Structures are given as C-alpha cells and as structure tokens.
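*Asks:* Annotations per TrEMBL:
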COMPBIAS  337-354  compositional bias 'Basic and acidic residues'
DOMAIN    7-689  domain 'Major facilitator superfamily (MFS) profile'
REGION    337-386  region 'Disordered'
TRANSMEM  43-62  transmembrane segment
TRANSMEM  74-92  transmembrane segment
TRANSMEM  98-121  transmembrane segment
TRANSMEM  133-157  transmembrane segment
TRANSMEM  163-185  transmembrane segment
TRANSMEM  567-589  transmembrane segment
TRANSMEM  595-622  transmembrane segment
TRANSMEM  634-654  transmembrane segment
TRANSMEM  660-683  transmembrane segment
Amino acid sequence: MRAVVLVAIVAAIGNLLQGWDNATIAGAVLYIKREFNLQSQPTIEGLIVAMSLIGATVITTFSGHVSDWLGRRPMLIISSVLYFISGMVMLWSPNVYVLLVARLLDGFGIGLSVTLIPVYISETAPPEIRGLLNTLPQFTGSLGMFLSYCMVFGMSLIDSPSWRLMLGVLSIPSIIYFLLAVFFLPESPRWLVSKGKMKEAKQVLQRLRGREDVSGEMALLLEGLDVGGETSIEEYIIGPDNDLTDNQEHVVEKDHIKLYGAEEGLSWIAKPVARHSALSLVSRQGSMANQSVPLMDPMVTLFGSVHEKLPEMGSMRSMLFSNFGSMFNVADQQVKNEHWDEESLQRDGEHADDGSGAESDDNLRSPLLSPQATNAEKDNAGEQVSSMGIGGGWQLAYKKDEKNSGALKRIYLHQEGGPGSRRGSIISLSGDVPTAEGEFIHAAALVSQSVLHAEDLGSQHPFGVATDRPSESAAKGPSWRDLFEPGVKHALVVGVGLQILQQFSGINGVLYYTPQILEQAGVGVLLSNIGIGSDSASFLISGLTTLLMLPSIGVAMRLMDIAGRRWLLLSTLPVLLLSLIFLVLGNVIDLGTVAHAVISTVSVIVYFCCFVMGFGPIPNILCSEIFPTRVRGLCIAICALTFWIGDIIVTYTLPSMLNSIGLAGVFGIYAIVCTIAWFFVFLKVPETKGMPLEVITEFFAVGAKQTASTVKN
C-alpha cells in the first residue's frame, strides 16, 4: 500500500498550503496595516483577512459539480495554480486593492483544496486505512501553520520585515505541489468508473493496490454508481460444498451461492436461512441495547450492529474471509473440476493464504479478488455466481435474480460476530445447527439489484470482462434529483449538521483568545526579557501552540481506523465542553492572576489537542465517505459551503459578541453548542470505520427506509 499512502501525502500538500496561508496572513496583516495606514480603516483590514474566506465560499458553490464533470485531479492541479498566482500577485501588490484581488484568488485555491482533498483520498484509499489517510489533511494543515509561524517569527526579528515576501513565499511550495499533482497523482478510480473510463480506472487501481487482479474492486466501483435502489437484509450459512447436512431444517435448499477461496480447489456454498442475524434484527426492530434510547436513529444502530459484533474490525483484519483457509482445510474432500491456467496458478502462489489462520493476516496483504474468483461455476442449484473480498471484512457476491431473467443480485456479505465465529465455529441458531468447530460461518447480507447483468459473466474471467465495459449508470452522470433519494437526504442531514456544529463549537473564539491568554500567563513578559519584541512574541506563541497540535493529530491518525470516528467524537466532545467550562469559570470567578493564567493556559491547550483529534478532521472525513459516487461531488460541495458560511458568520460575529456578552458569555454559548453536538453525534452519526464506501451508502439507504417506517409507525 505504499503507493496509496504516497498519493494521500501528496494530495494533502494542498492543506499544508492552506495552513501556511492562514498563519502567514495573521502575521503579515500587522505590517500591511502600518504600510497602508489602515488603523483608521478597520473594514479594509478585515477584508484583507476575509477575502480568502469569501473566495473559498464562492468557489465551493461550483466545485462539486465541476469536479464531477472535470475530475478530482484536474481540480487539485487548478488549486495549485491558484496558490501560485496568488502568491506572485501578493509578492508584487503595489496597493491594497491588488492585494485584495490576490487574496480572493488565494481563497479560490483554498476552497478547492479543503473541499476536494478529503474526497480524493477517500476515493483512492482502501477501507482499512481510509480514516488514517484522511486525517493527513488535518496534520499537514497544522504543520503548514507551524512552519509558517516559524518563518514569520524569523522575519519579524529583522529591522524591516517585508510582508510581501512573507505572503509571496507561498508560491514556492505551490510549484512543488503543482509538479507532484501533474506527474504523480492519478485520477480517482471511482470518478473514472463514473465516467465509463474503465481501462484507465483499472490501471490506476493496479498501481494503487500493487497487483494485477483488481476485478473485485472494479466490480465494487461499478456497483457504487447506483443510487436509490431497493436493498433487503438476509442471512446465510456459509460452509464447504458438501458439509451442509440434511438435518438443518431451517436451511432453504436453493439459491446456493458459490464462494471461491484464496487457495486452489477451495470453494464454499452459502445458503439462505430463515433466522434473523443481528443486522437483520436491527433493520427490523432496532438494537435491543438502543430500543430504550429516545430519538436514536435506526441507521446508527444498523451500522453499530456490525461494529459492536466485531470490536477488532478496525484493526485492519478481514474477519470473514481471511481465515477461510484455516476454517475449511478440507479441500481434498471437495476439489471440483476447476480449470486453472498457468497465470492463475502463478498469482495463486503470490497471493494465497498460508493456511495458518493467524490473526495478523489482513486485507492489506490479501488480494481483493482471489484467482479462483475469476472462474464462474454452476453450483448444485444451477445458479452461476462468483464472489470477492472488498476490504474491511466484507465480501461481494453475485447470484442470478430469479424474478428477472438475465439480471443479477449483488450481495454484500459480512460475518456475524462472536468469539466462536472468529475461531471458525458455527453460530448456533436456536440450537438446531451443529456446533462443530471449524465448519460454518454465519453471515449477514445486504442484497440489492446489481448494475451488472447475467450475460456479463462468462466462463472465463467473468468480472474482468464485465468491468471492462461502462455500465448504464455511468452514462447518466450526477443529477440534482438524486439528492432527494432517502439515503442521500439522510446523509446530507448528517454531513451538514456536523459542519454547522463544528463551526459553532468555539475553535475560532479560542484561536482569537489564545494570544491574550498566554500573555496573561506571563509568556510575553518572559520573551521580552530575552529581547523578543511583542510582535515576534505573538508569532512564537502561536507557533508553539500549533506545534502542540501535531502529536494529538498523530494519535487521532492511529485511532481513526481502530476506535473509529464516532468513538473519537463522543470521547473528545466532553473534553471540549469541560475546557470551555473552565474558561468560563476563569473569567467569571476571581481566582487570582496566577491561578487564572494556569487554568486558562491548560484549558486552551487541552481544547486544541482534543479538537484536532475529533471535531477538527472527522466532519470532513465523514462527509467524504457517506455519499454515493455519482453525487459525491455535489453533496460534498453543499457540506463545504455550509462550512465556509459558518466560518464567516462566527468570525464576524465574534467581536460584537465579545462587546455585548463578554468572553464568558461567548464561551458559554460554545459550551452549549458542544453539548448539542454530543447528542447529535450520539443519536444521528453512524460509525463508518473499515467499511467500503459503497457499503456505507447502502447502509444509509437501508437506514433511511427504516427511519421512514419508524416515523410512520
């Protein structure tokens, strides 16, 4: 996975430039104000800082639709060009009006970067490390701020600091970003599939995944183009071809699904059962643990039914199919008349499971589609099917649609959890299934109509043939009408809600107040005693504050795919709330100068560290995950527009709020927003760690349907 990690790092340079610019203008504005005598023109001074926000808001309005039409990569290249041009114009700026135009261009680059980089990373990353890679923009943004503060601090120590040079330096890293984007970044494979460019998409996936056989993921990307289909939840017992016995009365002896393993001769049969898996029960009734929670969104419990049953799924282990080799080491009894060519045997030798069943095996080292999965067979029930691993413990399988001749049903399979099934023992269904160790797997399934057709599946390498041809969904393109599909509307509520609450949770207010707090703590006096002026001291303090964020973001990167997004939000929001409460108390109660300085300083540091672990990166991560491929650009633009509008409102209402209700009142409002945010996350925001993007959108569709039925009842 080295290629996909490097691609994510290069893409995240756009956020480094954004952080660099934010910190640079904060320092340069002090010198701009003096040169142009803006002390008596606060409106112009405010516009210099705000013009980038205005530019970002304007460009975001168009970015989603244009990125769906033009592609993700070209938009990132355009953002690097805008960064470069704005830097050169700021370096030249003969007057304040030219500077305002340059700041507007800079805002265009920022808007494109902030909106599209999370989308690009999500669409290229595998499910198991998607959260880690999507936290990189937060890390590089903070790193850019730190490096910029260091530069501004160093330049402030000279006799006549040049604000033009401070701002113009942006052009240097933007050139590097441009060259890397042009010569190294590939286009998003999901966007390529959405435009019917199957050959290019396959080549990109082969490069990113480091293997030739990517038919499984290609099929998954094709399925992800569908919006608004009907999805049902079923359940299966999966076992060797000949090991499902006749005394299992609850098993329906039809609709067999052939599954192909990672070793030659291994194959299994999946049979529908009449019982209800945990996933199925949740879809019908809601989780037993959450039935007593008022207003709990059924979608949250639907997602939770997967993660609660598999607490280690976030550790990049395939829980369902990575251990099939050890669970079904009975291949000699069930080898069929498989047809193996020399090439497939060679690939089998390279990618096959070692049969040890060790828990360290994970999807990062396993092929998404094993060589055996490229051969379709007729099973005992006469149905032509095939299956493939798609990451995160999920398996994509196909079967013929009995009601519609020539159509296919796609099946997303996931193991029902429990210690027994992890070791390979069967999940007992009311006691009438044998509990023999190492024989069967109990799996829940999301079943819906496939975009592929039965005639697409030939006898030789079926998915390789089917996925080389564009689907009908690719020709449709994005449509505003798709935004009104229940699953998409449901996801928009989550995405827009998170963006609003993030902006009003206090980050801008705390950033605004930080220099004053640290000045009260005596840091400024200490620095002045060693010969550092007030301006330089302010830059140094801001740089050190930013530096403290980096280790916290590193922790978040480690936990994002293990503990999960939802857990990080629910864990860090109470800490944000407590930090704000302490800031309120410190400004209401006279604790003495020393005590006030200590409490305020600690509260600010804790707030920053927890914010960048949770509420900083996660809203953008979730927004890049929860929308279908065909409308992802449109939806992410709506969420990003909400972000920028909220940013502008908070930034420009803060001074008037400080004058009217004081610092304690402002932080009190932020504390209330953090409380509301915690309940919103608890009731409405699902856990998406380790799940393929296409499965996430399928869950939203099912959850929206369940929510609608709950409201009717």
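Note that Cβ sites are derived from N, Cα and C of the backbone, with glycine treated the same way.
Bear in mind that the values here come from a model prediction, so they are computed numbers and not experimental data.
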*Asks:* Counting Cβ pairs under 8 Å that are 6 or more apart in sequence, does the total for the transmembrane segment (43-62) and the transmembrane segment (567-589) reach three or more?
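*Replies:* With fewer than 3 qualifying Cβ pairs, these stretches do not touch.
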*Asks:* Below 8 angstroms Cβ to Cβ, which residues of this chain, lying six or more residues outside the transmembrane segment (634-654), approach it?
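*Replies:* For the transmembrane segment (634-654), the nonlocal Cβ contacts are 46, 50, 53-54, 56-57, 60-65, 67-68, 111, 114-116, 118-119, 478, 480, 483, 488, 491-492, 495-496, 498-500, 502-504, 508-509, 512, 619, 623-624, 627, 666.
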*Asks:* Out of 74-92, 133-157, 163-185, 567-589, which stretch touches the transmembrane segment (595-622) the most, going by CB pairs under 8 Å?
*Replies:* 567-589
*Asks:* Sort out the residues at least 6 away from either end of the transmembrane segment (163-185), same chain, that have Cβ-Cβ distances under 8 Å to it, and list them.
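*Replies:* Distal contacts: 6-7, 10-11, 13-14, 16-17, 20-21, 24-25, 27-29, 31-32, 35, 73, 76-77, 80-81, 83-84, 86-88, 90-93, 102, 106, 109, 151-152, 155.
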*Asks:* What average pLDDT does the predicted model assign to the domain 'Major facilitator superfamily (MFS) profile' (7-689)?
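*Replies:* In the predicted model, the domain 'Major facilitator superfamily (MFS) profile' (7-689) has a mean pLDDT of 77.
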